[in-house]
Amino acid sequence: GFDQIKWQRRKVWQQLQAKWTECLAKIELWKGSLKRIEGNFGTGVVAYFLFLRWMMFLNLGIFLIILAFVVLPQIFLTASAGDDECTIDVPNSTACCAEDYFNGTSDFSVVDIIQGTGIMEKTLMFYGMYSNEIYGYHAEVNTSLIGFTKSLYYDLPLAFVCTTLACFLVSLVAIVRAASREFKDRLVEGEGQFYQYCNLIFGGWDFCIHNEKSAEIKHKAVFNEIKGLLLAKKMEFERFNRTSDIMAKLIVMRFFINCIVLGILAASAVVIYYLLNVSLAYLDPNFTPESILSPFSHAREKSFLVTPAIVEDIFRDVDDAAGAEERTLSDQLVVLFYEFLPYMAIVLLNFLVPILFNYLVQFEQYSPVFVIKMALLRTILLRLSSLGVLLSRFYVLVSPQVGDEVCYNAQRGTPQCWETFVGQQLYKLFIIDFVTHIFVTFFINFPRALIAQHVNTKLARFVGEQDFELSKHVLDIFACLCNSKPSEIHYRASRSKSLFMFILLLSFAIAVAPVVYAVAELHPSRSCGPFRGLQSVWAAAIEAFMKMPAFVQNVIFFFGTAAFAVPAFIILILLLYYYYAVSAANKHMVMVLKNQLVLEGRDKQFLLNRLSSFIKQQQDYQKKMRQAEMRANRDSRTSRNAGEREAD
């Protein structure tokens, strides 16, 4: 009947799910490479690359959201002719400022591709080229019953704000879900710490493996997992057996090393600050520490950010065109060097300072898991301090507001479109970081690996062998597969995953803070972007809210009143208490079931002991019976022989 139909439908659905899971497993990205990494380096290392793959898919989803709701509408929607046009009567209006910015020169140059200026600045890659239009149309709809005006429109500034919020919300939900899942795995692992070796040895093998290569990789993975567990136990044993004198010396040593680390971080920030000032001072002779130069005005784009004094030096005493071109190229390369000077310093510090951190952490005698935590935390603090210095200097540049009488403060060096300026600086940092990773991986580490593999000498092994460490090779799957050998420290998968998620959640919170402040407080540029002419980015959302029907406004306003907040707070408290009670009851039930399992185990042990004793008694009884039977047979034979002798 109906139950049979439900059962058949459920069975078909389960078969479809199994087929879909099988198809996904066959087309899984980097499956073979990840299996080799797991076999050679352990589950802790492969967990990091699984995390990178998860991050790639998350960024792909965010990219699709931005593409669908911001980029494609900007490309395909056509702006209607409006009243916001530049007039001679108001030369510094928002429309005139935007027209001046969009009509700037944008000749093609290779340097522009590297810097993000010129023709690159006029693409949708940067904020400044997005429109502040509200795209739409109005249609008169007349029927026999009613006549009305139907309006469809797409508010691009509002879409910009909503898309940003959606991206942050999607990221937060994905991170929290992944972090909770990893926390659950850690909790389960902690519950099973007394029998983790049994689970790994007797239940860790995959019996679906049907070829020798996969079996060898799985064998290495299980071996590395057991090795990591034993190493953690060894470190824990050494930690519990330290004397008070050793602990006191260790605390002093750790305090001293942490002071050194803080000094290194402060020195790195000072170096970046100083080089940034040197760069800006070279590009603008009027630069002072209280003022930041904008190299992005149209007059400077033609000379690749060359100051007037440098231009005079370049074109002084020029006799032939070839010499002028040569000297101009040379000076442009010098200016390009000063443009990238602070970002080269950031990348160089991010490359060298973690090596120093890894050397210092050896003297602190932490456990292998805590070593990777400290190394990653210090590396993150280094990068955040670098970005903090850059953002603080950018804030000094963009924080003073300009009145309606000017488009931007050119005398102070403020860029015409400061949002694009900030994007260009981060673009330069990305270019330098990417080029450095490519160069180090393929032109330094890869030749070293070839030397270590093909030259069998102590010097070659010393120069070429490289341990793969998570805190060092943070974005390098090629280094893991080709350039490195397994590290002596083996990381466990669950702890590595939870650590990565914690760092990601921390980085997300730190990244959201400046964006939220910029959206709420900073004054947008009057010459570019979808928010030009507004007091803040959030003002676009407020304007869109004021255009909503009165009923919707009243509903939203109701959410901010005490009539909604107090009942909602009470309901949340009751729900919290309810889930706490359910959790406590479940926890108590788990404890009862654990005790019951212990009692059942004892009962089984008692029954096994009784069974063993009973079997032993039976065996002894049977042995005695056999001995008695043997004695009786022997006596009967003896008596029979005696009777035969008497008869004879």
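Glycine residues also receive a Cβ, built from the backbone N, Cα and C atoms like all the rest.
Database features (TrEMBL):
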DOMAIN    417-478  domain 'TMC'
REGION    624-648  region 'Disordered'
TRANSMEM  45-72  transmembrane segment
TRANSMEM  156-176  transmembrane segment
TRANSMEM  255-276  transmembrane segment
TRANSMEM  340-360  transmembrane segment
TRANSMEM  380-398  transmembrane segment
TRANSMEM  429-451  transmembrane segment
TRANSMEM  499-520  transmembrane segment
TRANSMEM  555-580  transmembrane segment
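Within its own chain, the transmembrane segment (555-580) has Cβ neighbours under 8 Å at 545, 548, counting only residues six or more beyond its boundaries. Helix, strand and coil content of the region 'Disordered' (624-648), in residues and according to DSSP, is 24 helix, 0 strand, 1 coil. Ranked by Cβ pairs under 8 Å to the transmembrane segment (499-520), the stretches 156-176, 340-360, 380-398 are led by 156-176. For the transmembrane segment (380-398), the list of distant contacts is 265, 268-269, 272-273, 276, 290-292, 294, 342, 346, 349-350, 353-354, 357, 413-415, 418, 421-422, 425, 429, 503, 506-507, 510, 514, 522-523: same-chain residues at least six beyond its ends, Cβ to Cβ under 8 Å.
Residues 257, 260-261, 264, 268, 271-272, 275-276, 278-279, 374-375, 378-379, 382-383, 386, 390, 425, 428-429, 432-433, 436, 440, 469, 471-472 of the same chain sit 6 or more residues outside the transmembrane segment (340-360) yet have a Cβ under 8 Å from a Cβ within it.
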